[in-house]
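Features as listed in Swiss-Prot:
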- Tyr37, Tyr175, Gln179: L-tyrosine binding site (BINDING)
- 42-51: motif ''HIGH' region' (MOTIF)
- 235-239: motif ''KMSKS' region' (MOTIF)
- Lys238: ATP binding site (BINDING)
- 357-414: domain 'S4 RNA-binding' (DOMAIN)
Amino acid sequence: MASSNLIKQLQERGLVAQVTDEDALAERLAQGPIALYCGFDPTADSLHLGHLVPLLCLKRFQQAGHKPVALVGGATGLIGDPSFKAAERKLNTEETVQEWVAKIRKQVAPFLDFDCGENSAIAANNYDWFGSMNVLTFLRDIGKHFSVNQMINKEAVKQRLNRDDQGISFTEFSYNLLQGYDFACLNKLHGVALQIGGSDQWGNITSGIDLTRRLHQNQVFGLTVPLITKADGTKFGKTEGGAVWLDPKKTSPYKFYQFWINTADADVYRFLKFFTFMDIEEINALEEEDKNSGKAPRAQYVLAEQVTRLVHGEEGLVAAKRITECLFSGSLSALSEADFEQLAQDGVPMVEMEKGADLMQALVDAELQPSRGQARKTIASNAVTINGEKQSDPEYIFNDEDRLFGRYTLLRRGKKNYCLICWK
């Protein structure tokens, strides 16, 4: 992405929700590289899909020659951002937040280049400047620059104040000051001139712009990316099992890949613009090709491949595709023990069973059939496979050969109903 028209290119991809003083920012970018930052609060032990768009935006700016700062909120994570939240967040312990900070720093690292010369990325933690700050310094040097009148009129806070059942604590109310000071501090330390974040962060970003001007007399800018929505109105980044995480131990690469494969046609080309680095022309050509092919669209596979590779690397993508192909074909010989571990984690329904169980009981315990009688009929009708092999004997009892890697047996009823038995 050429730096001179970077904002326009982001707008073409639908990646700009709001921007402060767009002309002045475009002019500043045209003058040469800038430093910019995005903050990630450790509210869990992993980032999730909602963090991916701003994180990839940092990467887009770095590819255009700018210097990204990834700020992990070791201090702000102890407080909790009230922006557009219906209720007060539960406060986490300092030890927990520090553990999460370390995990999130590791997660952010592969997306950015920390060794590429002048625009090498920087990892920062706002606990470094807040951890030793006393309350008098905070109130005198930061608090005096904030108007409570303006703070309570910010949309992100106003929604909470207008709820009869929920107020807002002074702790969360102060969050706006902390994030504002982050911007001013990073401006002084690293010359940061731009903050990016989700559109729910607009109020916090503008506070930081104002504080930086007051403290350092510098003009800085803010840009927000849209909160991703799906065409059908349902929430993006959620499955029946909850959030889709970037940590492979919380959402397996297979499950992650399947999430993107299941993207609706109405969303897929937009998501290619948000979550991949494909050229707009390439995405438009793919859309045209899918429209005229008369076959199932290819876009979902392109999207799943690109994003899984970005997040889980080539190895994660290869494993996800291998598991997908084996489940589709019914031949499990190519699956490794690690592949079965992914399936057991979240890939297919899983049940633990004692050795010596019979097939009818397994179908009932696996909730593939409601009763032994129904299970008997299904088995006899040749509709059940064990590890890809059909089994039509209702009295069948599992043996050691059925236990792949000594632990796993994959049952299938019909074409798509799977359950993985993990033997105790």
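Placed from the backbone N, Cα and C atoms, the Cβ positions cover glycine too.
On the 0 to 100 pLDDT scale, the motif ''HIGH' region' (42-51) averages 96 in this prediction. Only residues 6 or more beyond the boundaries of the motif ''HIGH' region' (42-51), in the same chain, are considered here, and those with a CB under 8 A from a CB of the stretch are 72-74, 77, 80, 89, 97, 99-101, 103-104, 107-108, 198, 227-228, 236-237, 243-247, 250. With every protein chain in view, the residue among the binding-site residues Tyr37, Tyr175, Gln179, Lys238 whose Cβ has the most Cβ partners within 10 Å turns out to be Gln179. For the pair Tyr175 (L-tyrosine binding site) and Lys238 (ATP binding site), the Cα-Cα distance reads 27 Å. Of the recorded residues, Tyr37 (L-tyrosine binding site) and Lys238 (ATP binding site) place their C-alpha atoms 26 Å from one another.
Maximum C-alpha to C-alpha distance over the listed L-tyrosine-binding residues Tyr37, Tyr175, Gln179 is 18 Å. Per DSSP, the secondary structure of the domain 'S4 RNA-binding' (357-414) breaks down as 19 helix, 14 strand, 25 coil.
Look at Tyr37 (L-tyrosine binding site): DSSP puts it in a strand. Counting residue by residue with DSSP, the motif ''HIGH' region' (42-51) contains 3 helix, 1 strand, 6 coil. In this structure, the CA atom of Gln179 (L-tyrosine binding site) is 27 Å away from the CA atom of Lys238 (ATP binding site).
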